[in-house]
Amino acid sequence: MLSNAEIGIDLGTANILVYSKSKGIIMNEPSVVAIDVNTKKVLAVGTDAKSMIGKTPGNIVAVRPLKDGVIADFDVTTEMLKHIMTSIGKKMGFSLRKPSVVVCTPSGATSVERRAIQDAVKHSGAKHVHLIEEPVAAAIGADLPVGEPVANVVVDIGGGTTEVAIISYGGVVSCNTIRVAGDKMDEDIVQHVRKAYNLLIGERTAEQIKMEVGHAPIAHDTREMEIRGRDLVTGLPKTITLQSTEVQSAIQESLLSVLEAIRSTLENCPPELSGDIVDRGVILTGGGALLNGLQQWLSEEIVVPVHIAPNPLESVAIGTGKSLSVIDKLQKAAK
Ligand SMILES: Nc1ncnc2c1ncn2[C@@H]1O[C@H](COP(=O)(O)OP(=O)(O)O)[C@@H](O)[C@H]1O
Ligand SMILES: [Mg+2]
């Protein structure tokens with residue numbers, strides 16, 4: 001019997017990753033598409049398209065079709081998926097063996113949208129297409145024992161959404177999604193710089209500031225960063241120096257929303273599982289897990305151990321790719 005390739009696609013709001021069982025992560029690109037508005041043709045996907053954000057001539061737009069955790073532009077998402085399937089097909093030689101694909105869909109997707117994602121992937125050459133819930137994928141990718149009847153708490157902080165989920169025995173026991181995550185923090189920084197310095201910066205600059213000098217609300221050694229933007233008064237380019245403490249207070253409110261989502265999920269946890277959480281703690285996945293000081297701050301606030309997944313940006317993709325065999329095992333166990 002010919003064994004099919006098994007691949008997993010993490011359709012994230014900020015990054016799209018593809019994991020193959022045999023080759024590991026085979027694609028990791030920002031979820032950005034550049035399209036020609038006149039012809040509706042996709043010109044570039046991923047890094048090439050991201051570098052065009054805010055810099056394109058009128059007829060070309062660089063869009064993030066999954067921004068805000070829902071599929072903002074469905075046709076573009078489908079086009080992007082086709083593009084991705086073609087390029088990984090070239091890398092893997094799918095023309096010979098049709099792959100089984102597991103796609104982890106954004107939590108905000110409606111059932112119609114999920115169906116359409118499934119169809120789009122199928123049309124681009126997959127043999128079987130399965131969909132998986134994102135927190136379950138994140139937990140599998142972080143090597144948590146999702147198949148056992150113990151509480152696994154996953155906090156996935158992505159671009160558009162933060163998802164907090166308690167997973168036990170292969171399923172989601174309770175889950176909470178908020179539309180506050182990395183993108184919102186970038187926006188907070190843009191607003192702060194505009195108000196405090198009359199300086200306009202782009203979202204990519206804001207993201208760099210967050211990654212370099214952003215910090216969770218706990219004491220830290222302050223740092224500085226030089227940033228450039230457009231002066232709103234003179235209209236000319238200007239450079240200023242930003243303190244990490246300013247960035248810290250700019251993003252504080254968003255982080256408190258994340259904390260609140262975690263608290264309320266833990267409070268609604270069935271009592272039998274609460275005991276597990278005290279011992280086993282919470283695991284952070286998604287790019288937001290990498291924010292400076294986040295792990296320490298959260299563990300002080302919720303008073304249970306907080307761990308960061310080994311590769312937080314890759315957990316969902318790895319888990320999606322590995323989920324097929326886990327799903328098999330779970331189904332067998334259930335019989
Ligand atoms: N070192 C870092 N510090 C803070 N935020 C980060 C860091 N690295 C990545 N991020 C943020 O993580 C988010 C992307 O995470 P990801 O899990 O790929 O999102 P999604 O699953 O929605 O595509 C972005 O908002 C990005 O700015
Ligand atoms: Mg994600």
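Placed from the backbone N, Cα and C atoms, the Cβ positions cover glycine too.
Bear in mind that TrEMBL entries carry predicted annotations, made automatically and left uncurated.
Per TrEMBL, these features apply:
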BINDING   T13, A14, N15, G159, G160, T161, E207, Q208, I209, K210, G287, G288, A289, L290  ATP binding site
Which one is it: of the binding-site residues I209, A289, which Cβ has the fewest other Cβ atoms within 10 Å in this structure?
A289
Using the structure shown, find which entry in G160, G287 (the binding-site residues) has the sparsest Cβ neighbourhood within 10 Å.
G287
Minimal Cβ count within 10 Å, across the binding-site residues T13, N15, points to N15
For E207 (ATP binding site), the three-state DSSP class is helix
Would you count the other C-beta atoms found within 10 angstroms of the C-beta of E207 (ATP binding site) for me?
20
Of all the Cα pairs drawn from T13, A14, N15, G159, G160, T161, E207, Q208, I209, K210, G287, G288, A289, L290, the residues the record ties to ATP, which distance is largest, in Å?
20
Under a three-state reduction of DSSP output, how is N15 (ATP binding site) classified: helix, strand, or coil?
strand
Helix, strand or coil at G287 (ATP binding site), per DSSP?
helix
